[in-house]
Amino acid sequence: KETEEVFKVKKSSYSKKIVKQLKKEYKEDLEKSKVRTEVNSPTDVEPPLEKTGQIKDIGQEDGTANSEHGEEEMEVESEKEEEKPKAGGAFSSALSSLNVLRPGEIPDAAFIHAARKKRQMARELGDFTPVDSEPGKGRLVREDENDASDDEDDDEKRRIVFTVKEKSQRQKIAEEIGIEGSDDEALVAGEQDEELSRWEQEQIRKGINIPQACIYQPAEVNNLYYQNTYQTLSYGSSYGIPYTYAAYGSSETKSQKTDNTVPFKTPSNEMTPVTIDLVKKQLKDRLDSMKELHKANRQQYEKHQQSREDSTKAIERLEGSSGGIGEQYKFLQEMRGYVQDLLECFSEKVPLINELESAMHQLYKQRASRLVQRRQDDIKDESSEFSSHSNKALMAPNLESFGRDRVIYQEQVKRRTAEREARRARRRQAREQTGKMADHLEGLSSDDEETSTDITNFNMERDRILKESSKVFEDVLESFYSIDCIKSQFEAWRSKYFASYKDAYIGLCLPKLFNPLIRLQLLIWTPLEGKCRDFETMLWFESLLFYGCEEQEQVKDDADISLLPTIVERVVLPKLTVISENIWDPFSTTQTSRMVAIVQKLVDGYPSVVNAENKNTQMLLKALLLRMRRTLDDDVFMPLYPKNILENKNSGPYLFFQRQFWSSVKLLGNFLQWYGILSNKTLQELSIDGLLNRYILMAFQNSEYGEDSIKKAQSVIACFPKQWFTNLKGDKTISQLENFCRYLVHLADTIYRNSIGCSDVEKRNAREQIKQIIKLLASIRALDHAVTVANDHNVKELKILIEGK
């Protein structure tokens, strides 16, 4: 079994020709082995051992020594072996004591081991003599010191050599295939046996290697190391294989073939004859392949070099960019912390700012409400005093029967009357000093004078609010409440990392961020006062004026460009809305003029913000309209007196009537100052329908017909914007003025009737007054009424009067 396993280890692909040759020689060796077995001599057992074990010893021990010490040591050992014939005989006698193998019997592992031990002992004792050391019968089995088989596993060689005994193995093969050992045809038929083929191929491989190593060895060495009963032949003559590849398949080899062998043909793809041209061609092909390989390697090398350069550049670029990213990350982290701290600060301070702003607005509102209430009380007092139907019940309808409340009421009336007259006297005295007494009419002045007590209280409260406002940020660093410091932080962000600045929508957040700080600076800003500072000259406006306007090219849709307009929209307009709703007095011409001026400035300077589509602008305009309508409903009063009472121009009712009339005309002029800001429809509704037709025309009907009425009509027409009548087509004026035009026509007729029967001077004066009425009608584009008056009163200068309007 061990032998069969050994046969399965090696496998080659030699041709059947060589296999048959080996079988033939094996047959001859088998016959010789039988002869030696019958004699039962020690040499009969030794050849297989020498053929197996001694070959192993030579291959492993002597062969190894030869590779180290050279050929000379091999010859010396050969001579020493020849000098010990007696020792060899003793070893043979010891070996013969073992059980002699029967023909065809395969030695077992114990027999092989015992033989090996005895041979090793004989070698150590120097009692070892090679068997059949005759020169002609030994065959060199020495391996080449450069042979690659030296590197094979020692155990594997040992097993292959020692377990193969030609005699018993061949007999076993013959028995297994069912033929006799001497039958050549049966041996040929069983050549397909796998185990035999493996053994034969292994022997062939070793045989091919042996001549290569032994070409230069002397014959004595060959005979010394490999002796057996076989006939000593060269490798080429024994197996029909030449020493060199060039002689492979020659006629000499063919002549050695026996008749019972199959003709052997050399494969065309194996063992091709080697010529110089073939070697040159192979070398040239190898050189070409190496050049191609070198070229491919060169290209690959250049590719790797380029990749290395690109990687180096990328590393340098990324290292440079990573530094910028690190700095950007650090900066953004700092900005994040700063903004968080700023928002936390504002979350604490904004409620305080809102409270202070509300307190200041409330203070101004109380003062404005007090003045309006005083004017209303004065009108009620005068109306009750000069009314022909006034009585104590009407003056104090809810008084007790004992009269205690009536006394208190009368005392309050007297006090208000005294204060009112005192104020009028002081204003009259001031006009006399300035020389404006002749042009002044009662009712045109605004009664907004305050007492010293009210002024003192107002100033004290305002100072307190301002003092509180100065303490809002007293516990905060300057970098968290100074507009310049906050602006510098975001300017640095914008200049260094504009992309992240834009992605964070800082331009949209800045107006809201600056809102509480700007409102704190606008705390006492009231454009209704003459000493109020223009907001465009304040520090916050100058600080933010050039924000985002660097020398570099402006980015499209940059929100920072509209920073100030947005602040005006979100800060200034809401403040103006509160002022117009709670503080502005439409009866005051001065306040109205200042209010119109600031709104007109915003309309002209910030058209993108202050327009009809903006919500804050709409809220401001709505607040203005509500305030004017409330004034029209609550503050306008026109008394009605009989003409006989008004004939006395020094009486109280006449003066009160004149004062109310001229205050209404002043209010009409104040309303019409909003031309260009409010729509024409809204203004005509307020001024003409709500004030002229409702109050002023009633005063015209109760007025004296003549020069006084014409003067009042001229004052009313002077309030109308001329743009209302420039684009009118036809001979008619606007529809809301039809009542006023009919009154003027009626006034002309009345003047003409009153002049009938009077002196020529009076008639001439009446005719001049009629011409003035025609001019007034022509100035408001009421040409149809002007023609009617001219035709009725035979005025021929109509064309001149119309063109000279």
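Keep in mind that glycine also has a Cβ here, set from the backbone N, Cα and C atoms.
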Query raised in the report: Which stretch does TrEMBL mark as coiled coil, out of 280-321, 364-405?
Result: 280-321
Requested in this report: Sort out the residues at least 6 away from either end of the coiled coil (280-321), same chain, that have Cβ-Cβ distances under 8 Å to it, and list them.
Outcome: none
Query raised in the report: List, by number or range, the same-chain residues at least 6 past the region 'Disordered' (418-452) whose CB is under 8 A from its CB atoms?
Result: 367, 371, 374-375, 378, 381, 458, 585, 587-591, 655, 658-663, 665-666
Requested in this report: Please spell out the DSSP helix, strand and coil residue counts for the region 'Disordered' (418-452).
Outcome: 18 helix, 0 strand, 17 coil
